[in-house]
Amino acid sequence: MPSVVKINVLTVPAEQREVLEKRFASRAGVVESSDGFEWFELLRPVDGTDNYLVYTRWRDEASFQAWMEGPMKQAHQGGGGQPPADRPKPAASASTVWSFEVVQQTGPKNTGA
Ligand code: HEM
């Protein structure tokens, strides 16, 4: 079964970038321990758009869904997700999730050096 990639696309106004990056700098760090979790990257836009990408890769769809239903909520106490009134305002003004299956992947050739 191929891995699945889930990318949360966050729209972050210029004046909120620092706030967003600081929140990620002190993120919960729980996703690393979730069953089926494979990779995370926070990607900052450098081409003039307002879209940060939160790249995540999972063993399968079920692993991602299990994280969404449980640990994700604890991982979004600092202004991410859908906050109740007692949480900080999100730095992002919009978000949407893109879903993919990994069809092929590779890394650099091992040079043996
Ligand atoms: C309204 C939607 C969302 C917003 C605004 C948002 C924003 C944020 C922010 C600001 C953080 C840093 C921690 C915090 O301060 O809360 C965070 C953590 C994170 N977000 Fe989101 N997020 C959203 C939904 C999602 C979704 C659907 C995914 C799935 C791809 C995702 C993946 C992650 C991951 C993996 C972390 C790190 C968790 C950890 O360290 O354990 N987020 N998010």
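Backbone N, Cα and C define each Cβ position, glycine as well.
Features reported for this protein in TrEMBL:
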| type | residues | note |
| --- | --- | --- |
| COMPBIAS | 93-113 | compositional bias 'Polar residues' |
| DOMAIN | 4-97 | domain 'ABM' |
| REGION | 71-113 | region 'Disordered' |
- request: Report the mean pLDDT of the predicted model across the domain 'ABM' (4-97), rounded to a whole number.
  value: 92
- request: Report the DSSP secondary-structure composition of the domain 'ABM' (4-97) as helix, strand and coil residue counts.
  value: 28 helix, 27 strand, 39 coil
